[in-house]
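All remarks here apply to the structure that follows.
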């Protein structure tokens, strides 16, 4: 092939020489193949690299290292390190489980000739030697003319059979002794990725060299059909095989939301550094100004020298501005979302007992942003199953197409046979038609007792022969010179040329479109681009790659025919790298693995081509039609949930921890904290932990029925309208405004000390507890404002979190000295709850914070109503009319959310716990190849078979 096939071409390995029945003089790869993401050796470095790529993990690792410096951290040495190790451990266990499930564990055995004896060994132990099947050169086959029939759908997606033919010089070998006596060598090209090319020579001792080409080689991934056994010599094993040469490494995928979040975290970290520098400079200036008054702290010189330490102290003090709990929260949320996909009954295929399966939970939100879809055709877009349903004979149409809701696939029209019996004017035409169906084909019948099994090269041939059989014209056998059928009556066989040529007007129309495309380049046009693999080889070359991409993006659809697995991967990679959009690739065969792994999201279909695509995918479904719900419902929901969860986590952390900056202006930038230490530590862990979970797990913009009914809603998530830099910093600025209100309003109200009858005076902790209470109430109510679909869990999260803080505050203020912690908190709850300012502010301060949010939302809803808001209004009206009320098995009414939760509580299908990597069974064989310019012509193939004779076996 041309050296300019594509940018992915690599320098090919040197030619190799393989000796027959002699020790090999070169060392070759073994047959072990691993498609796992990690290995024992690479897991730790690769996993840590993947985790440290997350800006939040890198930031907290930096903070954990800073905390190890003595006398720097105001919060201790391990307050960041321990949570970080816990997060990494949980993530590591999750990665191991997901990668273990994705590994193919097939325990296949091969029959090989070793030391003069036939032996059954594990496939991964195969070496370069005689064997029944791996990537080998054929020597002896049990079929006529040493022909072998293979299906290459795992390699190139084509299901029609191809013929391979053994060498005539070795076809006479009939026993083990003959194979042992062979002596010579094979000289062939080195391992490469070209599926359709092979060059070599067989040099047997005492004989002339014999050329070997692609018609004599069986590739790994090809499946033998209608051939009982093949003997050959292995030339490539393991990662040297052409299938593995066309494969790509399992990539480390990150969602677009995660990338955007990482960028915002980096910017937020820069802001944190600015805050720390400002605070350190403020401490330096304040100490110089008030040095004489604060003589008990130390000299001005000492304070000035400690500027660097102050900077580190403030960095650690403000580090909670970036929420460490976000990582654990997202892991739990995404894992639960993956369970929702696994448990979806609508995506469960009953015929094969196959549920949908989220093989990774890291890309759930990516499903909601897909713009370009790359799909395999055979087995993916089409099931490749044909049924004889309808025919037209002599102008009379027979067979009624079943209704669209019917599952019937059988021809059912008694008029056809009745017309034969009643000697209808078209009776002879009907007999001729059925006879032609029974004899004009390349099907081979195989007898299994009294049952005839038809081995057909294509599903349509098999469907026609089976249809003739159902109507009384049974094809029973073939010989080199005849075809045997059992029919109601026999007539002279007449073969007619029934080929029809398509209307050429579309070609003219397409030509006209291409002529006008110069002005429309870069715009979406109502045309399709069709290109074959041979042409694509040059289109993907460096010189014209950009032009090809521009042309492809100007078309509504692009159809690539007969392309190699690597070409599929290169097309996806080209769009992925040069277009700012999310890509999804879906396929069902091993030839689709490359593009599945290359795309942002890979979806595998567990079809008749095995589980290779499924084992390499991010998500697995049983039918292509399930992709609609996977994207429009689960994808959009997951995106909305994850983004709301992220935005809310940053919001609540900015609200609380930016208050420490405002407090620094009051306390002389001393590094003193306003809140009690354990209250700070439990803020994310307990008091505000539930709202992010409910937003990330149970929130939804509208019902699944409306998500499917209005697919335009998908554009909202596709265009990232709900999560981008503008939205992120809008939430942060809003949190900044809330923090100003939450700190300065109570502080000004308490400037004049409150008087307590017991003589107690207020201190900074008294103000801190009041502000902390207002913060908890405000952020919980903010979660309520962000909630669209209220459930019992939403109510528990919002109101329960506020109640939990009040109960904790009351208990925590009384435990000392019974439990020797937090002596400063003793009696604080009683003081706060007896303060009139507190109760007045409990109503006014959160209201002042949230009134702006409510007013903004109301104004936007009134003057700029979106499609989503219109759909939500329709749902609200529908609920009022009672149209969406469902009832459980006991007749008790329940809303749709309860219905969903009850459905999710059902027992998981047993198939979820089975080994998903086991190859599905495939029916035995087809018969003949319809390959153009094959090694053996169709006429030779048809005349080579005599199904009335017994086939030879191997000794």
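Using N, Cα and C of the backbone, Cβ positions are placed for all residues, glycine too.
Feature list (source: TrEMBL):
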| type | residues | note |
| --- | --- | --- |
| DOMAIN | 18-81 | domain 'P-type ATPase N-terminal' |
| TRANSMEM | 265-287 | transmembrane segment |
| TRANSMEM | 307-330 | transmembrane segment |
| BINDING | 376, 377, 378, 461, 500, 518, 519, 562, 568, 591, 592 | ATP binding site |
| BINDING | 376, 378, 588, 592 | Mg(2+) binding site |
| ACT_SITE | 376 | active site, 4-aspartylphosphate intermediate |
| TRANSMEM | 654-674 | transmembrane segment |
| TRANSMEM | 680-698 | transmembrane segment |
| TRANSMEM | 727-745 | transmembrane segment |
| TRANSMEM | 765-785 | transmembrane segment |
| TRANSMEM | 797-819 | transmembrane segment |
| TRANSMEM | 831-851 | transmembrane segment |
Provide the three-state DSSP residue tally for the domain 'P-type ATPase N-terminal' (18-81): helix first, then strand, then coil.
23 helix, 3 strand, 38 coil
Counting only pairs at least 6 apart in sequence, do the transmembrane segment (765-785) and the transmembrane segment (307-330) share 3+ Cβ pairs under 8 Å?
no
Under 8 Å, at least three CB pairs between the transmembrane segment (680-698) and the transmembrane segment (831-851) (pairs 6 or more apart)?
no
Compile a sequence-ordered list of residues in the same chain as residue 568 (ATP binding site), six or more apart from it, whose Cβ lies below 8 A from its Cβ; state 'none' when nothing qualifies.
374, 376, 560, 585, 591, 592, 594, 595
Take the transmembrane segment (307-330) and find every residue of the same chain, 6 or more past its ends, with a Cβ under 8 Å from one of its Cβ atoms.
54, 56-57, 59-60, 63, 66-67, 69, 71-75, 80, 83-84, 86-87, 90-91, 265, 268-269, 271-273, 275-277, 279-280, 283-284, 642, 645-646, 649-650, 652-654, 656-658, 660-661, 671, 673, 680, 684-685, 689, 692-693, 696
Where residue 588 (Mg(2+) binding site) and residue 519 (ATP binding site) are concerned, what is their Cα separation in Å, rounded?
38
Which residues of the same chain, at least 6 past either end of the transmembrane segment (654-674), have a Cβ under 8 Å from a Cβ in it?
74, 275, 279-280, 282-283, 286-287, 290, 310, 313-314, 317-318, 320-321, 680, 683, 732, 735-736, 738-740, 742-744, 747, 764, 767-768, 771-772, 775, 778-779
Please figure out which one of 265-287, 727-745, 797-819 racks up the most CB pairs under 8 Å against the transmembrane segment (831-851).
727-745
Can you tell which of 376, 592 has the least company, meaning the fewest other C-beta atoms within 10 angstroms of its C-beta, among these binding-site residues?
376
Pop the mean pLDDT for the domain 'P-type ATPase N-terminal' (18-81) in here, whole number is fine.
78
Mind telling me which of the binding-site residues 519, 588 has the densest Cβ neighbourhood, counting other Cβ atoms within 10 Å?
588
Are there residues at least 6 beyond the ends of the transmembrane segment (797-819) whose Cβ is under 8 Å from a Cβ of it, and what are they?
678-679, 682, 686-691, 693-694, 769, 772-773, 776-777, 780-781, 783-784, 787, 825-830, 832
If we skip the immediate neighbours and take only residues 6+ beyond the ends of the transmembrane segment (727-745), which ones have a Cβ under 8 Å from one of its Cβ atoms?
260, 264, 268, 647, 650-652, 654-656, 658-659, 662-663, 721, 771, 774-775, 778, 782, 841, 844-845, 848-849, 852-853
